[in-house]
Structure formats: structure tokens, C-alpha cells
Amino acid sequence: MDTFTITVILSFLGFLVVGIWVSRGINNKNDYFVAGRNVGVLFIVGTLVASFLSTVALMGEAGMAYDGFPWPILLLGVMSKMGYLAGVVLFGRYLRDSEALTIPEFFGNRFNSSRLRALAGASVLIGMGLYLVTVTRGLAVVIEAILGIDGFWAVFITWVAFTIFTVLSGSKGVIITDTMMFFFFLIGGILGSIAIFREAGGVKETFTQLAADPTLREGLLWHGQIEGPGERLNSIGEALIYIFTFGLVWAFVTAVSPWQASRYMMAKTSHTAIRAGIVTLLIIPSFYLFIMFAAYAVNLINPDIEPNSQVFIWAAYNVMPTAVGVILVTGIVAAGLSSASTFLSLVGFSAAHDVGPLFRRGEGLDGSDTNTDNVRSARWSMFIVGGIALLLAYVATPSVLDIGYMAASFFAASWGIVAFASTQSKRISEAGAFWGMLCGGVITLILESIKTFGGVDWPMAFHPVLFGLAASLIAVIVGSKVKPVEESSWQYISELKQRVESDVTVAEVKRTNRYIYVAIGFIAILFTAVGFFYVPIMS
């Protein structure tokens, strides 16, 4: 076995040991579901970044950047990360103080509705299931490349690697392993990008060569390489629509999706959640700046990598020093494992806590499961759903990026408008929320399925998520008009808003303001540096 294989195997074992160790400290469902609501900024940032930067980013989007679209991916990323700030301020901090164990439970409590809670729980099963298949498939590709194992066994090894420690340790374990993995792929990605630039002659020389090459220069423009064989975007207008459409989709995802917003429920305070959102807003676009242009720079070394999703894996083996390559490959594996563990845990929590009680004789969603029963149910749910994802990942044919975007579009359309309205409006009723979530999700899922699995290419200006968002908004408005807000629903959000505001101290606000000032300064310096470096090269 080579160094890459040994390191990946050791990382698998390390995560398993952490899961076993953490599982010994789980005393109740509060520990298992939301890590005792006592998590600091570092660990919240670690799990936010780790659960977002999965194989979709480090393989799917990096592959698209390699094909000539680093700027569209980066601009999309910058736009979408605004969702962290909007999400935590307008939605996440209310989740934190609601004392709900899952986001579907919050929706159910907010509108006093068992059916809305069950619908939200079912959407977690569907959307997270899709994403789990995506990440499992992407991880299996990495395992195939590293271990030389084909087919089912690569998928199975991947599944075992993240399932065992997730089932054992719940959110407490996921928080710790996510943060470990966060440092792995952050360091690996940055060092790997530097190694690629050095191999191409240095950062300035790399961009000078790219700008001087007539076949590569267009890839340095904001719209990417829209001319040439195999282009993904066919015109400047299509590139612009792509950036804004998926920027909007991923802004909703970072703001309200279960694998992002649920992280705030574990924070020590609502201001801990806000600070974590600010730090994450800075880290991910900065990381994208490195890895997307590094992926495109690989064209100077090898323009014929197939499939394009393996651009960083190829570079790790053929360009980088062994130590850096090992860290990067381990980081890619870690990114996939962290996302998979997050998705699997959320699926298990919602299946046991939000959907499962409906099917138990004599028990509704307000049933009184004991702590032990709830944890046991969540663990069994993870095994069952994980097994289904294992089989689907084995037979899945669409690309990692396509299925990942499909899941993101589904949550943006089904949850986006309802989530923000649930905390910022007192005029949205239970009927409006239910039908808004249902219509947005179903329409998007149908149209996305036709596109992803049926091979139908919708015009970029008529992306399925736009129809889903429109349907959700119309359903929210009409539903709230037909069946007005109930007194209990209005009272719940009024009391929650009062609780959120009353828990804030002057010291907390001052500390959060310092994060905001640093963020503004960091963004100003970053944009200025990029401008001074980039404009002369392209002029």
C-alpha cells in the first residue's frame, strides 16, 4: 500500500475512534440531536464549512472550473454566501432560541401543525437522501482512484466509513469530526493550490500564461470559456443567468437548508450563531478563490483529465509533493465524510422525531418518546435510510454536481420563502406555510427529475427552481388569504421574538460588532488585492 492509501485508511479509523469515544458521553436526546446546545464559534464554523464543502465543491465545481469556468463558480459562491448572514439573522437565531430539536419540529411548533412538521420531515428525507447519494457516489469515486477498488465495494467501504461513527455519536460526534475534517481540507486545499501554482511557474506567471494562451484566456473572464468544445455555458447571457440563478439557490441553501441552519441550533447563544455565520461568510469564498483558479491552472500542466471531477486527485498524485498530496486527498475524503455524516444524522433525526411518530399506533407528533426511545429510533432510521442511499449510490449515473444541485434547488424552493416568512411575518398562516412548502418542493422536484434523469435541458432562463419559488410564493399568499393566521401561531412567534431580543446583553452585541468590523475590513482588503493583481494581467 502507498502513502495515500495508508493515510486514508488511518483517517477512517480515526473518525471511527472519535465516534466511539463521543458516544460514551451521550446521556439524552438533547445531546444526540443538538449536542447539548453548548457549542462555540469554532465548532459551529467547522461544521458549517465542512457540511457545505462536500465532494460537490471539491470535485463537481472544481471540475467545472477546470473546464473553463472558475469565475462563474467563484461569483456564484460569493453571492450565495450572503445567505449565511441573512440566514442566521433572520432565521437561525430564532431556531436557536426555539428549543426545538429539529427544524421540522420548529415549523410544527411555529404553526401548531402536525401535518406541516411531517411534511418538512419528509422533505428532509427526500432532499437529504438525494444529497447523501451524491456525496456517497463522489466519495466512492475517490476511493476507487485511491484503493483501485471498482463498483459496489468502493461504495460499500464509503458507506461503512461514515455510517458507523454517525450512528454512534450523533450531533456531538459530527460536530467534532466535522471540525477535524474542516482543518484537513482547508489546509490541504490551500497547500495543494499553492503547489499547483508553483508547478506552473508561480502565481503571477500562471495567470500570465493563462491570459496569453488564446485557448485559455477566455476562462479568466467573468463569464468563463463560453466558446469551444464541450462548453457548459453557451453565451454571456446564459453565464449571467447561471450565476444569479444558482447564486440565489445556494443563498437560500446556506440560509435555511437543514444541513446549514440546523447547525445554529447547537450554538451556546444566538450571538454565537451570528458570529459563526460571519466567519463562515469569509472563509468559504476565500477558499473558493484558491481552489477554483488552481483547478483551472491545471490546464497548463495537463488539459486532458477525464473525468474533470478528478482534477485535484490527479494533481495530488502527479503535481504536488507527496505530503501535500496526501493532505489534499485526505481532505477531499474528509469533506465527503463530513457532509455524509451530517446528512445521515439529519435524516435519522427527522425520520425518528418528525415522521416516524405518525406511523406508530396511537401516537401523533406530540407523543412522549423517552430520551432512550428517540435516540434508538434515530439510530435505526440512519441504518435504514443509509442502506437505501448505499444501493442508490451504486446505481446512480448522473454526475455528482447535477444531483447536488438538484437537492439544493429542492430545498431552496420548498423551504426558502416559508422559512423566512415563519420568523419575519405574522401574516403567514399554517395553510400558507404547508401549501407553500408542498407546491415549491413538488414542482421543483418534478422538473429537476425530468432534467437530471430524463435528459431534458431546460433553458437557463427557465430553470426549475424559479418555477418552484414562484409556486411557493403564490401558495403562501393564497393559502394565508384563504385560511387566516390562528391565534396560537401568532402568539408563538410573538413570544419567540421577545425571547430572542431579551436574551441579548450589551457585551454580546459589542463582541459581535467586532466580528462585523473585521469582516468588512477583510472583504475590502481582499477585493483591493485581487483588483491590483488581476487587472494588469488582463489588460
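Using N, Cα and C of the backbone, Cβ positions are placed for all residues, glycine too.
Annotation source TrEMBL lists transmembrane segment at 6-27 (among others). Residues 143, 146-147, 161-162, 164-166, 168-170, 172-173, 176-177, 180-181, 184, 326, 329-330, 333-334, 337, 371, 375 of the same chain sit 6 or more residues outside the transmembrane segment (6-27) yet have a Cβ under 8 Å from a Cβ within it.
Same-chain residues lying 6 or more positions outside the transmembrane segment (39-59) and placing a CB less than 8 Å from one of its CB atoms are 84, 131, 134-135, 138-139, 141-142, 174-176, 178-183, 185-186, 189, 254, 259-260, 263-264, 266-268, 272-273, 275-277, 279-280, 283-284, 287-288, 291, 309-310, 312, 331-332, 334-336, 338-340, 342-343, 400-401, 404-405. Sequence annotations record features per position, and here TrEMBL assigns transmembrane segment to 39-59 (among others).
Look at TrEMBL and you will find 71-95 (among others) tagged as transmembrane segment. Cβ atoms under 8 Å from those of the transmembrane segment (71-95) belong to residues 48, 61, 64-65, 103, 106, 219-224, 233, 239, 242-244, 246-256, 260-262, 264-265, 270-271, 273-274, 276-278, 280-281, 284-285, 288-289, 292-293, 419-420, 422-424, 496-497, 500 of the same chain, restricted to positions at least 6 beyond its ends.
What TrEMBL records for 145-168 (among others) is transmembrane segment. Below 8 angstroms of C-beta separation, residues 4-5, 8, 12, 15-16, 18-20, 22-23, 136-137, 139, 174, 177, 310, 313, 329, 333, 336-337, 340-341, 344-345, 348, 379, 382-383, 386, 389-390, 393-394 of the same chain, each at least six residues beyond the ends of the transmembrane segment (145-168), sit close to that stretch.
The transmembrane segment feature in TrEMBL is assigned to 180-197 (among others).
Look at TrEMBL and you will find 239-261 (among others) tagged as transmembrane segment. Outside the transmembrane segment (239-261) by six or more residues, the chain places 48, 51-52, 69, 72, 75-84, 86-87, 90-92, 95, 102-103, 124, 127-128, 131, 222-224, 226, 233, 339, 342-343, 346, 350, 405, 408-409, 411-412, 415-416, 419-420, 460-461, 463, 465-466 with a CB less than 8 A from a CB of the stretch.
For 273-299 (among others), the entry in TrEMBL reads transmembrane segment.
Cβ atoms under 8 Å from those of the transmembrane segment (311-337) belong to residues 3-4, 7-8, 11, 15, 50, 53-55, 57-59, 62-63, 66, 135, 138-139, 142-143, 145-146, 158, 161-162, 177, 180-181, 184-189, 191-192, 195-196, 199, 291, 294-295, 298, 301-302, 305 of the same chain, restricted to positions at least 6 beyond its ends. The feature transmembrane segment is assigned by TrEMBL to 311-337 (among others).
Outside the transmembrane segment (380-397) by six or more residues, the chain places 125, 129, 132-133, 136-137, 140, 151-152, 155-156, 158-159, 163, 166-167, 344-345, 347-349, 351-352, 356, 403 with a CB less than 8 A from a CB of the stretch. Here TrEMBL flags 380-397 (among others) as transmembrane segment.
Positions annotated as transmembrane segment by TrEMBL: 403-421 (among others). For the transmembrane segment (403-421), the residues of the chain that approach it from at least six positions outside its boundaries are 54, 56, 60, 90-91, 107, 120, 123, 126-128, 130-131, 133-135, 137, 246, 248-250, 252-253, 255-258, 261, 396, 428, 432-433, 436-438, 440-441, 443-445, 448-449, 451-452, 463-465, 468-469, 471-473, 476, judged by C-beta separation under 8 angstroms.
Sequence annotations record features per position, and here TrEMBL assigns transmembrane segment to 433-454 (among others). Sequence-distant contacts of the transmembrane segment (433-454) (same chain, at least 6 residues past either end, Cβ-Cβ under 8 Å): 107, 110-111, 113, 115-116, 119-120, 123, 126, 398, 402-403, 406, 409-410, 412-418, 421-422, 464-465, 467-469, 471-476, 478-479.
Residues 233, 238, 241-242, 245, 248-249, 409-410, 412-414, 416-418, 421, 428-429, 431-441, 443-444, 447-448, 451 of the same chain, all 6+ positions outside the transmembrane segment (460-479), place their C-beta atoms under 8 angstroms from a C-beta of that stretch. According to TrEMBL, the transmembrane segment annotation covers 460-479 (among others).
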